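Novice: Dropping a structure here in structure tokens format, bear with me for questions.
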Amino acid sequence: MKAWGALWIVLGLLLWPEPGAASSLPLLMDSIIQALAELEQKVPVTEASITASAWILSAKNSSTHNSLHQRLLLKAPSHNTTEPDPHSLSPELQALISEVAQHDVQNGREYGVVLAPDGSTVAVKPLLFGLEAGLQAHSVANLPSDCLAIPCDTGDTLANIRATWPGLMDAFPNASSPDVGATLPNDKAKTPTTVDRLLAITLAGDLGLTFLHRSQTWSPPGLGTEGCWDQLTAPRVFTLLDPQASRLTMAFLNGALDGALLGNHLSQIPRPHPPLSHLLREYYGAGVNGDPVFRSNFRRQNGAALTSAPTLAQQVWEALVLLQKLEPEHLQLQNISQEQLAQVATLATKEFTEAFLGCPAIHPRCRWGAAPYRGHPTPLRLPLGFLYVHHTYVPAPPCTTFQSCAADMRSMQRFHQDVRKWDDIGYSFVVGSDGYLYQGRGWHWVGAHTRGYNSRGFGVAFVGNYTGSLPNEAALNTVRDALPSCAIRAGLLRPDYKLLGHRQLVLTHCPGNALFNLLRTWPHFTEVEN
């Protein structure tokens, strides 16, 4: 029960932050884990969650999703319980939790986020809500009974799937019929009466509301905006790369997905649950229970396996309907039909699954500590028609952690700039064996990777020497499938692009015999004479 008690105290502080001095602790996931570990030592092995719930339910919260959270997450208080005292925590810990209490985006800065060991930035609030939903071990909550009567229940019969979900079959052409039939309303369906608690609390509600707002203002939602920390060793300030970003930043999506994945894990394992500090240390480290795939580096791949697009669309719709019924005064949701909410849910899910889950995670230049570009970059004329594959050769060993990959990036940039006298690192992108891509010159600047052809294609390099061995499967899948499909969708790469190895155009052994022989079996590979 320690996991419950510690998390309820943290959630209480999240929902009821008190003003005070800024924490001296760096905004690192390790600091959050440290905070949970300290709380776990203070919480007795009792039904502490019931005690804390009374306190949390009485808290004042300015969040627009307060009613959704209370309906799906918080239990009714017991009159026989006493409130936990947050002041028993150290002042430094109180200050840290208050600092990450609410996720927000203001004036180009993002609040309530921390830097994880894998180099990703994570919003704390949706992560902790997902953990709590998982600890409760109930995935489905009923709509409130008073909202099943007039005026909450409109009584509108949704004639068929196409009427309920305009464009859904076109939006998800690869969804199997059984999946669609299992998750979408049938021809007699009415107002949804259940909602997935994990996804509604961590992701679906925010996803739907953000796209609803942007559809009303005719503005794209700016899904997954990245940002830069003021420093990486002891980060304090996170500035977004797009000052017009929506709340669905990369950090928020990371936190929401982590919360859903870990909450799902907690709901399926037997009790007693492991200490949450231990679970987070594994997830943001080598992997939960030693599984190297079940960790934050591969959240997108694991998230894609957690739910299908039609299922997520259904859950986004149900979250919006529930919020509409719980908050009839909500301006965004007034005079909006369920069919319109279904359209928003379809659009939001399509964008999330294709532009986030379906795309590789790319660390921006600031994340690996890039030196400034020397001179003035030449813009590419997009879309390009070629993808050129390299291996770095030196560094020879694959990089398997953010720290080692970032160090390799800085080393290659120094060599390219100081020894070869290039303006910048030559590659467009570099592929680590840690589950991440690293931005070099990126999508818009001409690189220095394939002499004579730099303006015609993107240069992508695997870290390592692949003369006699291959990169890991995750890295290969990224370059073969995720990266080009995402670039095509964004209009950066032509659908009929050609894939070539470096050696086909320049006198070199790059990208190594083993890797090149594999490339020859890939789609879009083209034989040319050097």
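Keep in mind that glycine also has a Cβ here, set from the backbone N, Cα and C atoms.
Note that the structure is predicted; figures quoted are calculated from it, not measured.
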Novice: Among H390, H416, H444, which residue does Swiss-Prot annotate as binding Zn(2+) at the site that also has H502, C510?
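Specialist: As annotated by Swiss-Prot, H502, C510 share the Zn(2+) site with H390, chosen from H390, H416, H444.
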Novice: Of C399, C405, C510, which of the recorded positions has the most Cβ neighbours inside 10 Å?
Specialist: C405
Novice: Three-state secondary structure of H390 (Zn(2+) binding site) from DSSP?
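Specialist: Note: H390 (Zn(2+) binding site) is in a strand by DSSP.
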Novice: For each of H390, H502, count the other CB atoms within 10 A of its CB; which of these binding-site residues has the top count?
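Specialist: Answer by Cβ density within 10 Å: H390.
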Novice: Can you give me the Cα-Cα distance between Y427 (site 'Important for catalytic activity') and H390 (Zn(2+) binding site) in Å, rounded to a whole number?
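Specialist: Rounded to the nearest whole number, the Cα-Cα distance is 9 Å.
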Novice: Same-chain residues six or more away whose CB lies under 8 A from the CB of N335 (N-linked glycosylation site)?
Specialist: none
Novice: If one looks at the chain holding N465 (N-linked glycosylation site), which residues at least 6 apart in sequence have a CB under 8 angstroms from its CB?
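Specialist: Counting only residues 6 or more apart in sequence, the Cβ neighbours of N465 (N-linked glycosylation site) under 8 Å are H391, T392, Y393, V394, A396, G512.
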